[in-house]
Amino acid sequence: MQWRSLVLGLLLLRLGLQALLALLPALAPGLCLRRRFPFPFPPPPAGSSHWGSLLRRGGGDGGATGGDEYERRYSGAFPPQLRARLRDAARGMFVFGYDSYMRHAFPRDELDPLHCRGRGPDHDPSNLNINDVLGNYSLTLIDALDTLAVMGNSSEFQKAVKLVIDTVSFDKDSTVQVFEATIRVLGSLLSAHIIITDTKQPFGDMTIKDYDNELLHMAHDLAVRLLPAFENTKTGIPYPRVNLKKGVPPDSNNETCTAGAGSLLVEFGILSRLLGDSTFEWVARRAVKALWNLRSNNTGLLGNVVNIQTGHWVGKQSGLGAGSDSFYEYLLKSYILFGEKEDLDMFNDAYRNIQNHLRRGREACNEGEGDPPLYVNVNMFTGQLMNTWIDSLQAFFPGLQVLIGDVEDAICLHAFYYAIWKRYGALPERYNWQLQAPDVPFYPLRPELVESTYLLYQATKNPFYLHVGMDILQSLEKYTKAKCGYATLHHVVEKTKEDRMESFFLSETCKYLYLLFDEENPLHKSGNKYMFTTEGHIVSVDERFRNSLWQDILPGEEDSAEKIKPNELKAVNFSSNCNRVPDERRYLLPLKSNYMRQIDRMVGLI
């Protein structure tokens, strides 16, 4: 009888605790049960006892129905005061990182935020992680130029542009990766030039007194120094690295990744069309076509590493992450920018093959049985699974799906990466979904999840994505802030830091966070005439980039290069084809809560 009394007592205790938990939402204002944030938030508005009343739908109708924890946390309106505070926090994050770089590191390429000093190339040929990126050309300053403009800081933008013009030279004995120099440096110079010469000046007065196209001339100079990478290759696929003063090193590697060789067309194409010189677009387009022609006859997939002389696939893995990611991104974005139907045809074929061979899980994201959709790494020739990990770069893909209107699939894939973020407060560089653990545990402040969060919010206007952005901002402040900037996480579980702040933190991560919370930004009021490069640089989508030059030196292709006019781009403009959430459903979760719970369980969060 004693054991029965004990069981009955425990049952009554459990029922009592459940009843108390059910009453907590009503008692919370009096008990001051608030979530703690690592940066100051504004006081509650008059007439409201705490932020919880505003985070519920409509501000006071009881919020989401039922007691589901996901609906309680994520459903409902997002207070404008909180959003403004988060916008300011994102700007403050950028300012702290940028000011720290200028104070402690300029004119060197990067900031070491733990020791408050600058970092440049060390000229050790084996240290590719550093020397592929750093060229002794004030990388972080150049990469951050258009972020200053987007945030409306005209005085600092003008000062930074003048510093670049006066102090930066590419006549350096530096061996850099062609891809990194193109997307970080060339792309930023072109973006800043476009901003300066824009007659409408939407971000404020970003003009430079007596500006004589210096940034465009610098971009031209850099591109000319990169051109030797495209010479003496039997396939037309460029060498991965080039010395800015001497050309391709004599001991250069003949192997390159698909993304590195095939993601140069946007920047090289813009440069060609601004200069009226077809050379740059032609070599970049030739490389894309060479890679495309090497795809598998069986699956239509591409590998991730190729020999530039033989065309033999050294790396046979086909996936959406490192080595492949931006190749697919630039097929679509080249079409958006230049209107070449050929680029869209390649993208559509690639996307179809990705869906057929890389996608696993149930057919629909928000209904049905089975596992949540996931894109895996497969053998390019057979479509068979090669491993059980995905990497953080793949988190860009939901944003790309938004651009083509595949929003439901984007929602589901984004939720998977957000679940990993919730578990660790960061994205490990490589995550094993079978073991539910990081394979490569560092996080170098990458922007891809923030980028997809921003684009999904722009597509749906669902406040769920503002909550996601708030979580990301909190984590960055809590785990990565250092004495003089923000530091790479060496280990996402242990939260140990590395002494490095990569330039894309300022050019992308901070920019996307800021734009997520800045509803009134001029970029959002421009009729979506801007596009982001793979490094997050903004370029205008307008008529001047639709005058082809490259057919002049590709004889016989004039008739096949069908042009798309700007007003015919509706199929890929997320403002017109993004399945926006109707007003009456605006405060519902983008995923059913049981599916969110399933994804959280899939990554070991619950």
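Heads up, the Cβ atoms here are built off N, Cα and C, so glycines get one too.
According to TrEMBL, the protein carries these features:
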- 1-22: signal peptide (SIGNAL)
- Glu180: active site, proton donor (ACT_SITE)
- Asp325: active site (ACT_SITE)
- Glu429: active site, proton donor (ACT_SITE)
- Glu448: active site (ACT_SITE)
- Thr534: Ca(2+) binding site (BINDING)
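In sequence order, Ala259, Leu393, Gln394, Phe396, Phe397 make up the list of same-chain residues 6 or more apart from Asp325 (active site) whose Cβ falls under 8 Å from its Cβ. For the pair formed by Glu429 (active site, proton donor) and Glu448 (active site), distance between Cα atoms is given as 11 Å, rounded to the nearest Å. Around the Cβ of Glu448 (active site), the number of neighbouring Cβ atoms within 10 Å comes to 24. Here Thr534 (Ca(2+) binding site) comes close to Ile183, Ser263, Val266, Ser326, Glu329, Tyr330, Lys333: these same-chain residues lie at least six apart in sequence, with C-beta atoms under 8 angstroms from its C-beta. Put simply, Glu180 (active site, proton donor) is 16 Å from Glu448 (active site) when counted between their Cα atoms. Cβ neighbours of Glu180 (active site, proton donor) (same chain, under 8 Å, six or more residues apart in sequence): Asp132, Val133.
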